[in-house]
């Protein structure tokens, strides 16, 4: 009986070890779904009471307005408010303190283009015309892959100088462990990036934006650089914003540089040995037979290409140097005849 139990236990262990990647992937999917449900529960419990209070306040305001203006029917008021809200969704406001800012001057359009290409998309300004919507589709189809290529090339070059060379220098020059140096470097780089692209800009935005405190400014920085782009906070949209054009260009540069910095930090952490081992737990492992077939095919292809290349070089050499070939053959035939 004990032998059967031990055999069953060992077979279960072997089964688990054989399909370890599948089990890890299953737990990963389950954990992600639970995290989604957890977020939904927290957001609902926190935000639902505020939504209910806002709805009650709007009902009271609407009822009071209709009582004070009996000549206006409820249907007319709802039609007017519906049109106002529709225009507001397109970034156009009827308020007197917001009518001075145009949404489609050059600097605003430049800011909009940057949010489209970086997939941030605040949603505060959207194309109004059919031509603008069609161009936005074509522009995004070409521009988003172009932006990914651009960011990948920039991040790769920066990572070499900012991450790989410093880690290698301390490892070779001072003899520290490469893994320890990489972890310390990643933490320091993350701290510097958070300071330069989150805390300092948040302090600046809290000063430049009249209605923003430090938390709201930090919230905007995080939502923007993580490309979430909810659009509830957009800088440069205040009434009589000073140097609005220059301010919009500065924000565009900040978003681009901040996105590059975030990708560099992410790439630095992804190169850590511990994280690589952790990620491999959820990947599908290739069979050894398949790997050997791929290696053999790659070797055959490489050997054939090298052979063809060598043959082509010999033919080119014969065509380009006929005199040398004739002279050498004569030198060989001469001693042979003697």
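Cβ from N, Cα, C; glycine included.
All TrEMBL annotations are machine predictions without curation.
Just so it is clear, the model here is predicted, and its values are computed rather than measured.
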Legend entry - Annotated stretch (transmembrane segment, per TrEMBL) among the listed ranges 76-101, 102-127, 180-205: 180-205
Inset, instruction - Kindly point out the range from 217-234, 271-288, 289-306 that TrEMBL annotates with transmembrane segment. - result: 217-234
Inset, instruction - May I ask which of the stretches 21-43, 180-205, 217-234, 246-266 has the most CB pairs under 8 A with the transmembrane segment (137-159)? - result: 246-266
Inset, instruction - Grab the same-chain neighbours of the transmembrane segment (217-234) for me: Cβ-Cβ under 8 Å, and only residues 6 or more beyond its ends, written as numbers and ranges. - result: 115, 118-124, 197-199, 201-206, 209, 255, 258-259, 261-262
